[in-house]
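Listed in TrEMBL:
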| type | residues | note |
| --- | --- | --- |
| COMPBIAS | 564-584 | compositional bias 'Low complexity' |
| COMPBIAS | 585-595 | compositional bias 'Polar residues' |
| DOMAIN | 75-190 | domain 'ABC3 transporter permease C-terminal' |
| REGION | 550-595 | region 'Disordered' |
| TRANSMEM | 28-49 | transmembrane segment |
| TRANSMEM | 69-90 | transmembrane segment |
| TRANSMEM | 110-136 | transmembrane segment |
| TRANSMEM | 156-179 | transmembrane segment |
| TRANSMEM | 209-225 | transmembrane segment |
| TRANSMEM | 237-263 | transmembrane segment |
| TRANSMEM | 291-314 | transmembrane segment |
| TRANSMEM | 615-643 | transmembrane segment |
| TRANSMEM | 678-701 | transmembrane segment |
| TRANSMEM | 713-736 | transmembrane segment |
Amino acid sequence: MKQEMRRPGRGMYLRLAWTGIRKNRQLYAPYFVAGMAMVMVFYIFRFLGASAVVAQLPGKEVLPVLFNVGGWGIGVFSIPFLFYTSAGLIKSRKKELGLYNILGMNKENLFHVLFWETVISYVVTLLGGLLLGVAFSKVAELGLCNIMDKQVNYRIYVDGASALTAAALFAVIYLLILLNSLWQIRRSNPIELLHGGSVGERPPKSRKIPTILGLLLLAATYGVAVKMRNPIGAGEVAAVGVFLIAGTFLLFLCVSVFLCRVLQNNKKYYYKTSHFVTISTMSFRMKRNGASLAAICILVTLILAILSFAVAFYSGSIGTVNRHYPYDAGISVEIPAENVSEEMTSGTYTRKLRAELENVMKSYADTANTEISEGYSANLMAVMEDGCLDLRLDMRDTWYTPGYFTGWERDSRQIVYVHVLSLADYNRLCGTSYTLSPDEVLLSSEDVRYASDHLILCDGNKIKVKEQTRKIPVMTGVRLDGIALDVYNCDEIYLAVSNLYSFMGGNEDAARYDEANYMAYHWEFGVNVDGTDQEKQDIYEKMEKAVAKLPGESEDSAREDPSADAGNADSADNGGSAGNADSAQDNASEENTAYNADGTSDTVCYLKAERGERFYGLAGGLLFLAIIMNVLFVFVTALIMYYKQISEGYEDQNRFAIMRKIGMTADEIKKSIRSQMLTVFSLPLLVAGVHFVFTSNIIYIMLNYSVMDDRPLLNSVMLLCYLIFAVIYSAVYALTSRTYYRIVNRASTS
C-alpha cells in the first residue's frame with residue numbers, strides 16, 4: 001500500500017522562514033531597523049501627545065495636537081516607505097523562492113513561508129520599536145522640556161494606549177505587505193522567480209511627452225510658488241506639493257532615460273572604462289533609478305523645508321515678542337469715538353487711569369533703569385496711488401472688505417496701514433531730534449518705498465514729506481476701531497507730525513476718517529523695570545486693577561487670562577499688529593481684552609513674560625518636532641540609498657566579475673563606482689536645492705502667518721540648512737558607495 005506523504009508542518013515553515021531571514025541578514029537587518037524606527041517615532045509622538053508633562057508646558061493647547069498629528073503623519077508615511085523596502089527585499093529573495101518552487105514546493109507552501117517571515121518581521125519590528133520608543137520617549141520629553149527651560153520628572157512608564165495603537169497600525173501595514181508579496185509570487189512562474197532579481201526594465205517608449213509634461217509641471221509649480229501672496233490656503237499648498245512631486249518623478253524618469261541616451265551617443269565619454277559600466281548599468285535599471293532618485297529628491301526638499309521653517313521660527317520668536325510687546329508690562333487703550341475730542345484736548349477719558357498708573361509707579365520711580373512711556377497715536381487704513389498717500393480716497397470704494405483678503409495692490413493703487421503720532425513722541429521713542437513745521441511730516445517705513453514728496457489730506461491739502469527714514473518707533477500693536485480687521489501683512493507707514501489731533505482734522509474730520517479709513521485713536525502706556533519677574537508680575541496686576549478706572553470698565557472685564565495666546569504676536573512683523581490673522585488668534589485674545597457692550601475691543605493689558613512664554617513654548621515644540629522628523633527623514637533617505645546600493649550591488653556582482661576577468665582592475669572598478677555614485681546621487685541634492693529656492697516663498701509666507709517678516713534671517717537659515725544637509729548627504733553617499741563596492745568587489749575577486 002502506497003504511503004501517503006505527510007503535509008509539511010507549521011514548524012517546518014517557521015524554520016524555513018527563520019533560515020531565510022538569517023541567511024539574508026544583510027538585507028533583513030536594515031528592513032528591521034526601518035520598521036523599528038517607524039514604530040519608535042510613532043510611539044514617541046503619541047506618547048508626547050498624551051503626556052501629562054507636555055500638558056503643563058507653555059503652548060499646552062497646541063503641542064498635543066502637533067504631536068498627535070505628527071504621529072499619524074508618520075503612520076501614513078510608514079506605508080509607502082515600508083512597501084518600498086519590502087519591494088527590494090522580495091525582489092532579492094525571488095531567486096531563492098524560485099529554487100524552492102523548482103525543488104517541489106508549490107505556491108501554497110511558499111505562501112506559508114512568506115507568512116511566517118512576515119510574522120517574524122512584525123514581531124521583531126514591533127517589540128524592538130516599542131522598546132526603543134519607551135526608552136527614548138522619556139529622552140524626548142526631557143529634550144522638549146529642556147528647550148523650554150522647564151522642569152520634568154524622571155519617571156519612565158509605558159503608555160498602553162500608544163503601544164496598542166502602534167501594534168494595530170503596523171499589523172495592518174505588515175498585512176498589506178504580505179498580501180502584496182503573495183500577489184507577486186502568485187503571478188510569477190518558477191523561471192520568472194529564478195530570474196526575477198536580474199530582469200532589466202525596458203525604457204519608456206515615449207520620452208518626449210512625459211519629459212515636456214514634467215518640465216511644464218515644474219515650471220508651473222515654480223511660477224505659482226514664487227507669485228504666491230498672503231493669505232494662502234491649505235489647498236494651494238497641497239496643489240503645489242502634488243505638482244512638485246509629479247513633476248519631480250516625471251523629470252527623473254525621463255532625464256535618466258534621456259541622459260543615458262545622450263551619454264551613450266557621446267562615444268568619447270561613453271567608451272571610457274569608468275563611464276562605460278556606469279552608463280550601461282544605469283540604462284539597465286533606468287526606471288527604478290528614476291523613481292528612487294525622485295523619492296530621495298522629494299525627501300531632501302521636505303527635510304530642508306521643515307528644518308528651515310522650524311529654525312527660522314525659533315530664531316525669530318524672541319524678536320517678534322519684543323517688537324509686539326516692547327515693554328515688560330503695558331496697556332493699550334482704544335479711545336471710543338464719542339470720547340476722542342475730550343481725550344485729545346484735555347485727557348478726560350484716561351485721566352483716572354493715568355492717575356492710578358502714576359501711583360502704581362511711584363514706588364519704582366527711584367529704581368535704576370526704570371523706563372516709563374506713554375503716548376497717543378491715530379491708526380488707519382489708507383490708499384497710495386502712484387506712490388502717493390491720498391487720504392481723500394475712501395477705503396469703502398476700494399476692493400478691500402474687512403475680514404476678506406484679495407491682495408493689497410491693484411493696478412497703481414496700494415492699501416497701507418498708517419500710524420500717525422506726534423513728532424515729540426517719535427523723537428522720544430526713536431532717540432532722534434527731528435524738527436517739523438505745521439505743513440510738514442516725517443515718513444518712516446521698512447516696507448514702503450515712498451515715491452512722492454508729499455501726501456494729500458482728506459480736504460485736498462498737500463502736506464510736504466520733509467524726510468523719509470527707516471527708523472520705526474517702538475509701539476504696541478493695536479486694533480482698528482475695535483473691529484477684527486484682517487490687515488495681515490499689509491505694509492506699514494509711520495507719520496510723525498507736529499500736532500497729532502490737528503493733523504487728523506480735529507473733531508471735524510474724525511467721523512469721516514472713522515468711516516472711510518476705519519481709524520481709531522489709541523493711548524499707550526508701557527513700563528520696563530530692571531527687576532525680578534515677581535516685581536514685573538506685581539506691576540502688571542496693579543495695572544489690571546487700574547484699568548477698571550476707565551469709564552465703563554471693571555476689574556473683571558479687563559483681567560487678562562494668564563494663559564493668553566502669545567500667538568497674537570504673529571502679525572507684529574507684518575503690519576498686521578492691528579489685525580486678526582486667523583480665527584484662532586481672535587479666539588485666543590477674547591479673554592485678554594476689555595469689551596464694550598457691542599463686543600468691540602477697547603483695552604489690552606499685557607505682561608510680556610506671560611505672552612512670550614507660550615509663544616516660546618510653541619516655537620520650541622515646533623523645533624523639537626522638526627528635529628525628530630528630520631532625523632527620521634534623513635534615516636529614511638539613507639535607507640533608500642542603502643537599499644538601492646545593496647540591491648544593485650548584488651545585481652552587478654556577476655557583471656563586475658566578468659569585467660575583472662577580461663582585465664578591469666580594482667582601481668578601475670572603484671573609479672567606475674565613484675562615477676556612478678556622483679552621477680546618480682548628486683542629482684537629487686542639486687534638484688532639491690532648486691526646489692528649495694523656488695518654494696522658499698511659501699516658507700516665508702507661512703512664517704509671516706506665524707511670527708516674523710525677516711527675509712534675510714530666513715535666507716541665512718536656508719543656506720545654513722542646505723550646507724549642513726549637504727555634508728550629511730555626502731557622508732551617507734560615502735557609506736553607501738563603500739557598501740556597493742564591497743559587494744561587487746567580493747564577487748569580482750572570488
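Cβ atoms here come from the backbone N, Cα and C positions, even for glycine.
Worth saying up front: this structure is predicted, and the values here are computed from it rather than measured.
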Checklist line | Same-chain residues at least 6 beyond the ends of the transmembrane segment (28-49) whose Cβ lies under 8 Å from its Cβ atoms | finding: 21, 63-65, 67-68, 70-71, 74-75, 77-78, 81-82, 85-86, 89, 121, 124-126, 128-130, 132-134, 136-137, 140-141, 144, 159, 161-163, 165-166, 169-170, 628, 632, 635-636, 639, 642-643, 646
Margin query: I'd like the per-state residue tally for the domain 'ABC3 transporter permease C-terminal' (75-190) from DSSP, helix first, then strand, then coil.
Written below: 97 helix, 0 strand, 19 coil
Margin query: How about long-range neighbours of the transmembrane segment (156-179): same chain, 6 or more residues beyond its ends, C-beta under 8 Å?
Written below: 35, 38-39, 42-43, 46-47, 50-51, 75, 78-79, 82-83, 86, 114-115, 118, 121-122, 125-126, 129-130, 133-135, 137-138
Notebook entry, point to check: Taking 69-90, 237-263, 678-701 as candidates, which has the most Cβ pairs under 8 Å with the transmembrane segment (615-643)?
Noted result: 69-90
Item checked: Interface check, the transmembrane segment (291-314) with the transmembrane segment (110-136), three or more C-beta pairs under 8 A -> no
Check: Near the transmembrane segment (69-90), which same-chain residues lie under 8 Å Cβ to Cβ, leaving out any that are not at least 6 residues past its ends?
Finding: 24, 27-28, 30-31, 34-35, 38, 41-42, 45-46, 49, 169-170, 173-174, 176-177, 180-181, 184, 295, 625, 628-629, 632, 636, 639-640, 643-644, 646-647
Note to self: Mean pLDDT for the domain 'ABC3 transporter permease C-terminal' (75-190), rounded to an integer?
What the structure shows: 81
